[in-house]
Each structure stands twice: as C-alpha cells, then as structure tokens.
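Q: According to TrEMBL:
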type: TRANSMEM; residues: 53-71; note: transmembrane segment
type: TRANSMEM; residues: 137-158; note: transmembrane segment
type: TRANSMEM; residues: 170-190; note: transmembrane segment
type: DOMAIN; residues: 198-281; note: domain 'Wax synthase'
type: TRANSMEM; residues: 243-264; note: transmembrane segment
type: TRANSMEM; residues: 276-293; note: transmembrane segment
type: TRANSMEM; residues: 305-324; note: transmembrane segment
C-alpha cells in the first residue's frame, strides 16, 4: 500500500487542503469498489461451497484483503471507518457465515444487493425482543437531536482545545449519527426497520447491560455469534455451563480488545501499547465479578438505578481515561479526526457552492 498515514503533530485544528480531501475520497471510493467485488465473490463462489473448512478457506483471501485495505488510506477518519466497518465487522460476519447456513444474518439475504449491504455495513434487521430484555429508556434521542448535539460538541471542541470529555461525547454521537443515517437510508430502500446502533449507553445500570445491550450493538452481536456462543458451547461439555460462560465472556472481551488494537493501528500506524486490550480484559473480568456479586448479594441488596447507573458509567469513563484514551491522545488521533471532519465539511461546502454557481450564475 503506497499511502502513509497523515497525522498532525500540532495540537491545534488545521484542516487538510481540499485537494488532499478530494484525493482521499477517491481512494475511499476505490476501496469500496474492492469491497463490493470481494463480497460479490463471496456471494457467488463461497456461498455455494459447503459450510465449514471449504467455505472458510475460500474466504481467506477476502479476510486478508479486508484487514489490509485501511492501509490504502492516509487520513484517520476514513481509515478508521474502513477499519471498523470492514476489517472488524465485515470480517466477523463472513467468519460466522463460513460455518453457518441458517443462523447467520447473511444467509437470510438471497440477492447480491442485500448480501453486500448487510455484510459491509453495521446494520441488522430489527427483532422483537421479550419485554424483560428491552432496556429502560431514560433520555431517548432521535437522529435530528443527535445531529444537533454532535454539531454543538464539534463547535465546543474547536473552541476548547483538546478537551477529552467533549471528544468522547462527540465520537459517540458522530458514530451513532453516521451509522443510524446509513441504517435509515438502507431501511427506507429495502422497506425494513433496522436495529439502532446503540441504545442509550449513558443509561446503563450494569457493565453487562452496557456492553451486552446498549453500547455498539452491531459489534456485540457479531462477537456474540462468532466468539461467545461457539466458545461456550465447546467448553460447556468439559467445564459445565457456568464456567464455560465465564471463559467465553473473557475470550470475547480479549478478542474485542485485539480487534480494537487493530483499528487503532490502522488509524495511527503506531506500534500497539496493548493498553486498549487490557481495557477490555479488565471489563470482561469485571462483568464476571459483577455477575457473581449479584448472585450473592441480590437477595439482600439491590441497588437503585440512580446509584448503579452513575457507578457503571463512571467506571467506564475512568477506566477509559486510564487505559483506552492515552493512545488516542499521545498519537493525536483526536486532532486528526477533527481535522478530517472540518476539512470534509469545507470540501462539501465548496463543492456545492461551485455547482450552484455553474447552474445559476450566467
């Protein structure tokens, strides 16, 4: 791959030139052309092979290509999206597709168009959950309100230089707005209702609630299908269901940590410090301890959500400050992402203005 990552060494926002943004968009579109071609191969060739090792081997070139593809981009925003959508999610969807015919979401989509959409994008058809599995709604935000808050936080970040708390809130909203906009468009085209990308993670009352039901639900679903359930099923025969569930949970968080290290490497091109992996290992262990404590203490002690909620979110934020975000700040990823957003907005504004001048100015 010929491109080197462009990350500023300055702590101030200096958006890239329009020409650089245009070149990056061209490379981004080329990457998506490669993705579509690879998924077409998966649909026409791999899906017709028996599930298991034959199908998995046929998909190995696709796994490798999807893992390397973000290196073709030079800006953190674009390489980060490609890494999260393709290197992480799409690879795990195809991995599950390798060994399953009926239970994978990709098997339900008979047309090439549907297969490509659901393999490459962080979307999933909405399911009806039992009432006791539906998280409580505290402060539901629609797409318009999220977009407004996202814009306000961007403005605040540009005014208050490098405020990590603002950046964290902005990243959550920006990811939600991007994925939900995509899901809304795809749902409208296909005439189906799709799952929201997250469900009020700030209202989580436990770590299991946060990671399992509220935060980044598409990633949770992919890891549950490819890591948690197979690991639990295998070890349950030897260790029993309870021990197997704990082992599967830790394995899931370890894999999630390693995949996030890969995403960080795609974005920063800096040797991993493994702090991000330890962040997820810590949370995996804490989820298990939380479950054990609930079994022991619930008959005698049940915390009100007004107490358990702030404790949960506070623990996520503090542990993130300790292990997750130092790598972001030390490599100036936050500045690079903001530069890309500002540069992209400026490029789109200039493009619209130029087209309007061509149409309406004699």
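Going from the start of the chain as shown, residues are counted 1 onward.
Each residue, glycine too, has its Cβ placed from N, Cα and C.
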Q: For the transmembrane segment (53-71), what are the same-chain contacts with Cβ under 8 Å, counting residues 6+ beyond its ends?
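A: Long-range Cβ neighbours of the transmembrane segment (53-71): 1, 3, 31, 34-35, 38-39, 41-42, 45-47, 79-80, 82-83, 86-87, 90-91, 94-95, 97-99, 262, 266-267.
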Q: Would you kindly check 170-190, 276-293, 305-324 and say which stretch has the most C-beta pairs under 8 angstroms to the transmembrane segment (137-158)?
A: 170-190
Q: Would you kindly check 170-190, 243-264, 305-324 and say which stretch has the most C-beta pairs under 8 angstroms to the transmembrane segment (276-293)?
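A: Highest pair count goes to 243-264.
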Q: Looking only at the domain 'Wax synthase' (198-281), how are its residues distributed among DSSP helix, strand and coil?
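A: Here the numbers are 69 helix, 0 strand, 15 coil.
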Q: Within the same chain, where does the transmembrane segment (305-324) have neighbours whose Cβ lies under 8 angstroms from its own Cβ atoms, ignoring anything closer than 6 residues to its ends? I mean 6 or more beyond.
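A: Same-chain residues near the transmembrane segment (305-324) but 6 or more away: 136, 164, 168, 201-207, 209-210, 275-276, 278-279, 282-283, 286.
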Q: Can you give me the average pLDDT across the domain 'Wax synthase' (198-281), rounded to a whole number?
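A: Mean pLDDT, the domain 'Wax synthase' (198-281): 92.
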Q: Could you pull out which residues elsewhere in the chain have a CB under 8 Å from any CB of the transmembrane segment (243-264), counting only those six or more residues past its ends?
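A: Sequence-distant neighbours of the transmembrane segment (243-264): 67, 80, 83-84, 87-88, 219, 223-224, 227-229, 231-236, 270, 272, 274, 276-281, 283-285, 287-288, 327-328, 333.
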